[in-house]
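Some notes on the structure that comes next.
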Amino acid sequence: VVLRPGSGSRQQDPQGGADGLALASDPVGTLNFLAMVENLQGDSGRGYYLEILIGTPPQALNILVDTGSSNFAVAGVPDPDVTSYFNTELSSTYKSQGIDVTVKYSQGSWTGVLGTDVITIPKGIDGSYTINIATILESENFFLPGVKWHGILGLAYDALAKPSSSVETFFDSLVRQAKIPNIFSLQMCGAGLPVSGSGTNGGSLVLGGIEPSLYKGDIWYTPVKEEWYYQVEILKLEVGGQNLELDCREYNADKAIVDSGTTLLRLPQKVFSAVVQAIARTSLIQEFSSGFWTGSQLACWDKTERPWSLFPKLSIYLRDENSSRSFRISILPQHYIQPILGIGENLQCYRFGISSSTNALVIGATVMEGFYVIFDRAQRRVGFAVSPCAEVDGSPVSEIEGPFTTADVASNCVSSVSFHEPVLWIASYALMSLCGIILLVLIILLLIPPRCQHRYTDNDVVNDESSLVRHRWK
């Protein structure tokens, strides 16, 4: 595999520091970014988690870090697949809000009750803070055997919070109470390591800024198109340096998001098919089972072999903050040809770390493990820099290059009209129209203006692709 050194101009942060390093100077005195280094554990197959202390006296729980949802929820009762849970009766500071909340995933769900309690983060920011917390009382296929986390930390925007966006999110509460900058950054170190392995791969969640030791080279920023998920704009994909030549809107159908809670790189069906065809055409393998590409079969080689040299590099082009420019993030096969533990005695088996999606392109752990990712909410942008831990056998397996011109792509690859929950919108307008008709008829017949009130309620279902439940290898 030939590695090309990254090149490109340094992105200057409007706050005055190169790459946003000005944020490392914190006047409040609550931040010590070095103390947050290596505060995560886990792997791409079962997620990366952070230890959080909840309640008084504190109860220690491992919480899955998920940038694709917005609720902070923990197991509230014993569960056969959970080693610990938050016992509200043992906390003198817990206050129930008496509000039921249900979050449903495509394969899995949980139901619980909203409340508040104090939390501290041992390897995070100093101090204790009062946070909205959902205690999970019932779940189905959410906690799975072997997981070492006991809850989920949703770090997306409040638009995705359930049962409504009025529920202040975990990170918004920290920003307000601790007065930290509205930015966090994430490094997950699992490139080339077995998925669902020991679960002790390192990682870092830096709350309130950017830690320089967690990246090398320049940070490249792409705008957040809409503040619900971290929705970005993808301009094109290349396999082995060859453009897929698809309409750029195909890459953003119906959204493209950056989501640490998804294990794989998920592609819209048309894009997925094109990528599989390009990889199969470019790889040095003449015959390959279709089951490998669909995730139903593993591919195995002798343990002395390294199959990564047989596969091409994959590049994703993102629009730069300067809309006339783009940059590309690239991953080598060590990211998407992923080893699986415990299959054969003399064989090492691998899974395909890319899958198809019906409603989104999701930059999940398969890609994120190559980069230090900055979620700059204050300036509505997501940044990418090469991660030093994205190395296999001493060689880097991720790259960032740019700038490139965007003259060859459309000025906007994202639909200007997006309905987060289109079925609800259609139903809502239909009911409102029906209500209006009934009101008109009653006025005419009774000559009395009765009240006809339609209440629009936020749906409890999270119809997103952020759940590790759907994509966990099992």
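Heads up, the Cβ atoms here are built off N, Cα and C, so glycines get one too.
Disulfide connectivity taken from TrEMBL links Cys248 to one of Cys413, Cys435, Cys452, namely Cys413.
The disulfide partner of Cys189, as annotated in TrEMBL and taken from the candidates Cys349, Cys389, Cys435, is Cys389. Looking at the candidates Cys349, Cys435, TrEMBL gives Cys349 as the cysteine bonded to Cys300 by a disulfide. The separation of Asn322 (N-linked glycosylation site) from Cys189 (disulfide bond), Cα to Cα, is 30 Å. Sequence-distant neighbours of Cys248 (disulfide bond) (same chain, 6+ apart, CB under 8 A from its CB) are Ile234, Leu235, Lys236, Val409, Ala410, Cys413.
Other Cβ atoms within 10 Å of the Cβ of Asp259 (active site) number 25 in total over all chains.
Here Asn322 (N-linked glycosylation site) is positioned 28 angstrom away from Asp66 (active site), judged by their C-alpha atoms.
In this structure, Cys300 is the one among the disulfide-bonded residues Cys300, Cys389, Cys413 with the smallest number of other Cβ atoms inside 10 Å of its Cβ.
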